[in-house]
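Everything on this sheet refers to the single structure shown next.
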Amino acid sequence: MGCIMLSALDLRSDLTFNQKKLIFAGAFGLVLEFLDYFLIGFVLTFVSKPWKLTFGASSIILLSSGLGAMAGAAFFGWLADRTGRRRVFLTTLTLFSLGTGALVFTPDSAEYGWIYLTLFRFLIGFGAGGLYCVDLPLIQEFVPASRRGEVSGLVTAAVPLGFLLGSAMVAFVAPAVGWRGLMGICVGLGAAALLLRVWIPESPRWLQRNGRASEARNSIAWALEVDPSELPSTIDSAPENKLGFGALLRFPRSVALSFLSNLGMQTGYYGLTLWAPTLLVQVLHVPPTSAAFYMIFVTSAALLGRVGFSVLSEKMGRRPAGLISTFGAAAMLLAAALFGDALASVLVAFVGLLALTFLFGEGGFAVVGPYSAEVWPTALRATGMGAAYGFGGLGKVIGPMGLAFIVGASSDVVPATSGISFSTAFIYFACWYALAGLAFAVFGIETKGRTIEDLEWELQALSSTSPERAPVPSASVQGPSS
């Protein structure tokens, strides 16, 4: 009876106003997360000289939020599977907003200011990492199977909007209010986002699994905007056992797919994103103002990629879309490695190739993020996605540091550019995208158009602990599809 009740969500192809409100709340949270990531670099330009920040101190400030996000993704993903999506849905944004608000009161001290910034940047990252890894599972558990990939992919398209909003705030608002004022505005935006989230109920699938079927019925009624009496009646049952991180190992294919795809994507993306402006300014000798102008085109291509691959993942399937995005990015980087020296003399052509790289590379996030939640059963969905995203967060460190080591740089955060070989740098990043592509090719399963309950049965069939109790898996899960 519980499955019949949950199927009411999947029988509709259109979205209700309440479902759209949930989607907007999730997307708005991601906008704020990456707005904050953008603004911290701006803050450092204001305080680095007065505080006489060393390179090491600046690096610690920049990396602290990434380390916090890795820990937060794993912790809050686990917590969401144990205590519910909604509670963590609210807690992560609250923590993120409070940490941002604390930056307004950063002491203007050369001795202690950077330590204060580092601690609260870690706290902000801790909340932000959990925000991403709980929002997507919650949204997926509320929308129809026929729209799940498209909707959750489009939510990730909010990331470039955060960078664009940050650019606009720095250009037009910062001169009037300063960097502390910008942090205050972010707190106000966070409060608005929190008000949107208060009205979102608990995931019906989490409630059903935890023996609260009558509450699940009410959540479905909220999502579909119908009276609960119109849905099948249910009887509360005993909750199922809570699972920990060790249970992830019962699904080795899901571990390999989600962990490797996240590591490859994040390492390639964050390393390339950090290096691209330096490449334009110091290698191609483009003035900083012109470099910023060209990066607008690159960012626009990234946004287009996220939107395009969100739709493509629903039309073609997650695995084909993942293969196209990852190997497409790798191919563009290999082309840059082969023809970069020649293209460097034709700036527009080089920027165009860079934009295509970001179109495929960032487009892949619209597949990898949602996919990393789909390949886990409900009891482990947030835990699995959080662990995979946290593991992939290593790429924020090894991407730029690995490049610095390979090409012989004077800095671990922004590689030196004297004597850099185009081919060496671009091949390095191409290898990481290729790793993500291989994860899709070897371990990829198809989730397009399939209900969460159908996927859960077949994931259990692949479980290393209970194959005798599960149904025979279909071809789309048994092996890579053609």
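Along the chain as shown, residues are numbered 1 onward.
Quick reminder: no glycine exception, Cβ is built from N, Cα and C everywhere.
Nobody curates TrEMBL annotations by hand; they come from automatic prediction.
According to TrEMBL, the domain 'Major facilitator superfamily (MFS) profile' annotation covers 22-448. Marked as transmembrane segment by TrEMBL: 22-47, 53-76, 88-107, 113-139, 151-173, 179-200, 267-285, 291-309, 321-340, 346-368, 388-408, 420-443.
Taking residue pairs at least 6 apart in sequence, the transmembrane segment (179-200) and the transmembrane segment (88-107) share three or more C-beta contacts under 8 angstroms.
The stretches the transmembrane segment (113-139) and the transmembrane segment (388-408) are in mutual contact, each linked to the other by at least three Cβ pairs under 8 Å (pairs 6 or more apart in sequence). Note: the stretches the transmembrane segment (179-200) and the transmembrane segment (22-47) are in contact (3+ CB pairs below 8 A, sequence gap of 6 or more). In this chain, the transmembrane segment (53-76) lies close to the transmembrane segment (22-47): three or more C-beta pairs between them fall below 8 angstroms, excluding pairs fewer than 6 positions apart.
Remote same-chain partners of the transmembrane segment (151-173), defined as residues 6 or more beyond its termini with a Cβ less than 8 Å from a stretch Cβ, comprise 15, 23, 26-28, 30-39, 42, 135-136, 139-140, 143, 181-182, 185, 299-300, 302-303, 306-307, 309-311, 313-314, 362, 365-367, 369-370, 373. Same-chain neighbours of the transmembrane segment (291-309): 153-154, 156-157, 159-161, 163-164, 276-277, 280-281, 321, 324-325, 347, 351, 354-356, 358-367, counting only residues six or more beyond its ends whose CB sits under 8 Å from a CB of the stretch.
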